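Have a look at the structure below, then the notes.
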Amino acid sequence: MNSKFFGLVQKGTRSFFPSLNFCYTRNIMSVSASSLVPKDFRAFRIGLVQLANTKDKSENLQLARLKVLEAAKNGSNVIVLPEIFNSPYGTGYFNQYAEPIEESSPSYQALSSMAKDTKTYLFGGSIPERKDGKLYNTAMVFDPSGKLIAVHRKIHLFDIDIPGGVSFRESDSLSPGDAMTMVDTEYGKFGLGICYDIRFPELAMIAARNGCSVMIYPGAFNLSTGPLHWELLARARAVDNEMFVACCAPARDMNADYHSWGHSTVVDPFGKVIATTDEKPSIVYADIDPSVMSTARNSVPIYTQRRFDVYSEVLPALKKEE
């Protein structure tokens, strides 16, 4: 596997913000209306597949295929699967279900075939990955030819302890990724995070400033954090950056060890929920319209009004280089 896939944006703050030279001055930047929307952003339909998985990996892959085919049949150009879609979610399962990211692996083969057969861009949720003696929570992205075009390892691990609620430590079995991931498609550039990554606004902000029009988050919030934060965070990331945000969850199974909130959701650049569902197995569809981004960014022009000269401590590496 070519290492370039593991985070298409390399570490180093300046490379995250290639066009932010204007941030070093006190002048408010003058930007034309058309430049506020990436030129490569095209309309498309997205399908979020909210799967109910089992302890049988082959069964999970077969079900994913059926639902991806269904989503494509209903006009989806971009399809998203949930976090840890090929395995039960839980630290006790990750080692058992882990695979290397290589062409001979079952999940790689299945996802590649799904993308190729449907001629869609497939954001393959995430799977437990084994690499050099470590385990990662890893997402693969395939293009319509079935080619792997991006891999994202979950950067922020889900370590929480809610009094009277859920206690969970992904770091007991997983290692964190160390790079952001952005991927170019024929519909524009996408940013990618996994579940807990959505709580860190810097990722979406960096992606948006680098021309991403959509953030994709496979995620499995639970019954404590889900009702409080799932939609809230999706809307926050969308309105913070005036971009589209799509969050794809597993369906809820109360007989499983981990209970997913479900509610896969798509939010537009105004922070409006344009498609969602409940906790049951389903497919969520949304038509992504670039003109909505244009309207949002011209109506509330935060892109021309940010004052990095005032809050430059948000970017300590840039400040140091100055």
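Each Cβ is built from the backbone N, Cα and C atoms, and glycine gets one as well.
If you look up Swiss-Prot, you'll see E83 marked as active site, proton acceptor. Taken from Swiss-Prot, the feature active site, proton donor covers K154, and the record attributes it to sequence analysis. Taken from Swiss-Prot, the feature active site, nucleophile applies to C195. Among the features that Swiss-Prot reports, domain 'CN hydrolase' is placed at 44-290.
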The residue listed as 'active site, proton acceptor' CB neighbourhood, other CB atoms within 10 A: 25
Residue pair K154 (active site, proton donor), C195 (active site, nucleophile) - Cα distance, angstrom, rounded: 8
For K154 (active site, proton donor): DSSP state (helix, strand, coil): coil
The residue listed as 'active site, proton acceptor' and the residue listed as 'active site, nucleophile', distance between Cα atoms, whole Å: 7
CB contacts for the residue listed as 'active site, nucleophile' [other CB atoms within 10 A, all chains]: 24
The residue listed as 'active site, proton donor': tally of other CB atoms within 10 A of its CB: 25
Model confidence over the domain 'CN hydrolase' (44-290), averaged pLDDT: 96
